[in-house]
Amino acid sequence: MTLPKIKQVRAWFTGGATAEKGAGGGDYHDQGANHWIDDHIATPMSKYRDYEQLRQSFGINVLGTLVVEVEAENGQTGFAVSTAGEMGCFIVEKHLNRFIEGKCVSDIKLIHDQMLNATLYYSGSGGLVMNTISCVDLALWDLFGKVVGLPVYKLLGGAVRDEIQFYATGARPDLAKEMGFIGGKMPTHWGPHDGDAGIRKDAAMVADMREKCGEDFWLMLDCWMSQDVNYATKLAHACAPYNLKWIEECLPPQQYEGYRELKRNAPVGMMVTSGEHHGTLQSFRTLSETGIDIMQPDVGWCGGLTTLVEIAAIAKSRGQLVVPHGSSVYSHHAVITFTNTPFSEFLMTSPDCSTMRPQFDPILLNEPVPVNGRIHKSVLDKPGFGVELNRDCNLKRPYSH
């Protein structure tokens, strides 16, 4: 089989600060009013009262959705979405295009390495640039799968289990239990600036959900980089009587010493997890060395599927789990091939967590959701990532080349 070359790469955006708000899609924080994901949730900005009540007040949704599409010479296309918006479009169309167009559709690792090295001088340790590279990488995997007629998970070597089981992230673990999920992860609402009173309030929330959900249902806390080591340690011990399964991303990404100390002082049996906002392979190696229990890369932010596979290998070599942060089909096709991912995350994007809404709604068509907390591998058998781009969304292409 002669594989075609890539003819063109194109980039669109929707939502964010320079378009309509509340668009959802790849930037799942960009939701409308009265959504749980924009409620009083602890963040690094919560210490400033002006930005404490709503996360959108400090700009969590300013980037918007990036859509990258790659077209082969035979007319077939692949695409992906992430969080990078209009600025990501500029990076794709004015810089990264030179490493993509003219390459064979199978040259994914070569393109990936060239993108990483060519952006070192302005990418730092991740962020917007890495989100953009991740989106390109995922689009390339989607195109390759469609050209050869295989789902991405088979390109990675095939499934190691028949189905993926999920926990749900949202404000209502009790509803998640009714839907068949194995656990529920809640956001914390208070931080170090609230003192011991904040610890008592979040511990009371866990206690309330433990009573509602029963003894065996997993409960976890997502702290979203909002704490310090002392506060996180005290919160972990305050929640230990309620069998909290893990405490997540308590500290900013680069505080490796803090994660090591937190793991050392956490209650016996309670896991410490992080990784959502780490953006390079090297940062995950260092994070792994802290001894945390689970690494949680976002495939749309960490460097794409190509990097996620490498992160999973680092974790496996140390006996750690890798449980990616959300990311829907882009995670599904990876984790069903990882032996050290026994479960995965489903992010509830319905406003009150009462219904099953696809994570990247409305930008993806045919995006699967768990049924009774599970997705069978047969659901993932369409070529590429198995989803289509909803071109009825208000997509803008601000740059060309």
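The backbone N, Cα and C atoms fix where each Cβ goes, and this holds for glycine too.
Checking the candidates D216, D222, D228 against Swiss-Prot: the one annotated together with E248, E276 at the Mg(2+) site is D222.
When the candidates H29, H35, H332 are compared with the substrate site entry in Swiss-Prot, which names R55, E345, the shared residue is H29. The Cβ of E345 (substrate binding site) lies under 8 Å from the Cβ of F166, Y167, A168, T169, K185, Q296, V323, P324, H325, G326, S331, each of which sits 6+ residues away along the same chain. Note: the Mg(2+) site is recorded as D222, E248, E276; in the same chain, K185, C223, W224, E249, T273, S274, Q296, H325 also have Cβ atoms within 8 Å of that site's Cβ centroid. Among the binding-site residues H29, D222, E248, E276, the ones whose Cα sits within 10 Å of the Cα of D298 (site 'Increases basicity of active site His') are E276. For the pair E276 (Mg(2+) binding site) and H29 (substrate binding site), the Cα-Cα distance reads 14 Å.
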